[in-house]
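Here is what TrEMBL records for this protein:
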DOMAIN    B:119-201  domain 'Galactose-1-phosphate uridyl transferase N-terminal'
ACT_SITE  B:His191  active site, tele-UMP-histidine intermediate
There are 2 protein chains.
Amino acid sequence: MKISDFKKKQLRDGFQNVSELRQDLVSGDWMIVATGRAKRPDLFIKREKEKFEQPISECPFEDPQVTGHGEPLLIYYKNDKRRRLKGIKKLVREWSLQVVKNKYPYLGPGDCSKVYKEGPYTLMDGAGFNEVIITRDHKQHLALMSLNKVEEVIKSYQERYLALMNHKCVNYVFIFHNHGLKAGASIPHPHSQIIALPVIPADVRRSIRGAKEYHDRHRRCVHCKMLEWEKEEKRCVFQNEHFIVFTPFVPRVNFELRIYPREHQSNFEKITEIERKYLAEALWQALFRLCRGLKNPSYNFFIHTAPCDGKDYGYYHWHIEILPKTATWGGIELGTGVEVLLVKPEDVAKYLRKIKIK
Amino acid sequence: MKISDFKKKQLRDGFQNVSELRQDLVSGDWMIVATGRAKRPDLFIKREKEKFEQPISECPFEDPQVTGHGEPLLIYYKNDKRRRLKGIKKLVREWSLQVVKNKYPYLGPGDCSKVYKEGPYTLMDGAGFNEVIITRDHKQHLALMSLNKVEEVIKSYQERYLALMNHKCVNYVFIFHNHGLKAGASIPHPHSQIIALPVIPADVRRSIRGAKEYHDRHRRCVHCKMLEWEKEEKRCVFQNEHFIVFTPFVPRVNFELRIYPREHQSNFEKITEIERKYLAEALWQALFRLCRGLKNPSYNFFIHTAPCDGKDYGYYHWHIEILPKTATWGGIELGTGVEVLLVKPEDVAKYLRKIKIK
């Protein structure tokens with residue numbers, strides 16, 4: 001039976017359905033969309049102003065070398081400027097983005113070749129790398145940047161990915177961004193993080209496993225199958241020549257957005273210079289609409305891409321997941337692994353499509 | 001190589017290890033224990049007093065029938081008392097616990113026999129039940145209750161489980177408890193919730209799948225294998241004749257506790273009256289030590305038990321997971337599915353074992 005018939009049936013039944021259950025195509029997981037509790041998208045607008053500010057004088061990212069982050073692993077400069085310093089015109093190079101080591105890393109030096117056992121348990125060194133990508137401006141977060149700046153951030157992700165992926169201890173490079181206090185950012189100055197580790201993170205492993213199982217059964221990419229549908233359907237928020245932004249049929253959280261390359265690609269790090277420009281536009285469109293639509297909510301985004309462990313992941317389709325923080329997780333979310341949805345992804349897409357672009 | 005050798009090697013290597021990676025026995029997932037960032041357990045004590053209070057006059061659970069929750073689905077009474085009412089001594093029955101329908105349910109009436117398709121997607125009615133278990137006292141949460149009261153709560157879980165499990169739309173009964181604002185409780189008056197639904201929640205499905213895969217390979221219960229080790233090892237917090245409380249080797253969050261029946265049992269709802277008393281003691285011990293140790297933190301707990309869909313889950317071992325809320329999840333947690341551990345489960349167990357019982 002078709003979903004349109006489902007809606008007719010609900011009307012016929014004479015009760016407003018309390019909720020619907022939607023099955024995720026990749027994982028097979030069922031999610032609750034609590035339509036009976038549903039709110040209008042604009043009711044998710046952040047109410048209280050979050051106090052998440054730090055004076056520039058106390059910010060550790062204003063001058064990372066002074067605050068002991070060591071030499072930059074990568075640095076981009078602004079256009080050279082001449083400035084008057086103590087009365088003399090001088091050429092001053094100002095940085096625009098830099099990548100440094102995380103001072104409080106999750107992973108560090110270690111031996112990734114050995115696995116230790118005791119009783120039923122397995123353990124290994126947390127060998128790997130943890131870097132921070134810092135953009136120059138203290139307050140200008142991604143949604144407020146020019147497309148060129150956003151592209152620069154993506155370029156730095158790619159460059160550091162390529163630099164880390166071939167290390168013998170690195171089997172996965174995880175790139176993520178936390179914006180706002182509720183999304184777990186500890187420093188307000190805009191920054192992203194890269195973690196390079198010897199194992200594949202749990203959630204990524206599940207995503208890959210789901211894609212592989214679908215591919216084994218249907219001989220095609222599950223994400224391509226979804227995209228075929230999403231470009232037609234009403235969950236699409238934005239698309240350009242190479243990328244599409246949409247709200248998934250089964251989101252993990254309210255207001256989740258996804259960005260996919262429209263053509264099948266397994267590896268983020270292989271995007272071309274042209275594609276990078278289009279990706280910058282797609283990412284900016286997603287974040288700008290979200291920030292305008294929900295009044296600067298906290299959010300996280302991260303890249304799910306194929307591991308760099310030398311195996312073949314040709315069936316996988318890399319993408320970005322953007323997860324705004326609009327709810328506090330309770331027992332039902334923690335025990336079931338997903339957020340109860342109080343707004344339909346179709347309504348979210350409609351709401352975000354209407355946001356006026358500056 | 002043994003884990004003790006791992007520790008010797010770390011010393012030999014002459015650097016303090018930034019972190020270790022631990023592999024979960026059930027899921028195969030790897031978790032980061034960031035030992036280099038590690039904190040002493042007492043640094044997790046809640047600092048700010050959470051403002052999460054509601055005057056009794058505004059509490060919807062003080063008199064659930066007056067606030068429109070309908071007739072109780074289950075009610076327990078306190079010992080009968082004679083009270084002087086308008087000068088006359090009268091027998092007044094006071095309730096001690098009651099179960100009512102959730103006024104804002106996640107699931108409701110619907111047709112669970114039909115599944116709808118459109119394109120690649122699947123959807124069904126959110127058919128099921130959502131009940132609230134309310135204890136009488138406005139402020140007395142589980143850690144402050146007498147053992148008899150805790151047992152009463154467990155008895156109500158069991159009774160409602162048994163009442164719901166045979167409904168044709170019910171394939172899983174999920175019981176959970178949210179304590180504190182950060183754990184997603186919306187009403188401070190202590191209460192638990194039951195959700196009965198036609199599908200198996202994602203996280204439960206993964207837990208069952210992990211147990212099945214281990215059982216298929218090793219012909220034994222993965223949880224029994226763990227328990228064999230945990231009763232000897234230093235992660236045990238408390239045990240009595242029938243139950244054990246411990247910090248898992250690979251916790252999902254900092255300060256996680258688990259409660260297991262020591263003998264293999266697949267179904268929570270089958271516990272005997274005697275076992276219920278021992279479970280009450282184990283649950284109280286876990287929550288009291290946590291609340292004393294971390295100064296009343298927010299926490300969630302839930303029961304993971306075999307589904308009631310008529311299939312055989314003999315390989316599964318039911319248990320309770322208690323997840324205190326001590327961190328804000330960021331991109332690394334959301335994108336990998338687990339919390340970075342800043343305290344070792346062994347240190348947590350040691351810390352909680354030392355808590356003096358009143």
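Here the Cβ of each residue, glycine as well, is placed from N, Cα and C on the backbone.
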According to DSSP, which kind of secondary structure is B:His191 (active site, tele-UMP-histidine intermediate) found in, if we only use helix, strand and coil?
strand
What number of additional C-beta atoms lies within 10 angstroms of the C-beta atom of the residue listed as 'active site, tele-UMP-histidine intermediate'?
24
Taking the domain 'Galactose-1-phosphate uridyl transferase N-terminal' (B:119-201) alone, what is its mean pLDDT?
94
Secondary structure tally of the domain 'Galactose-1-phosphate uridyl transferase N-terminal' (B:119-201) (DSSP, helix then strand then coil):
24 helix, 28 strand, 31 coil
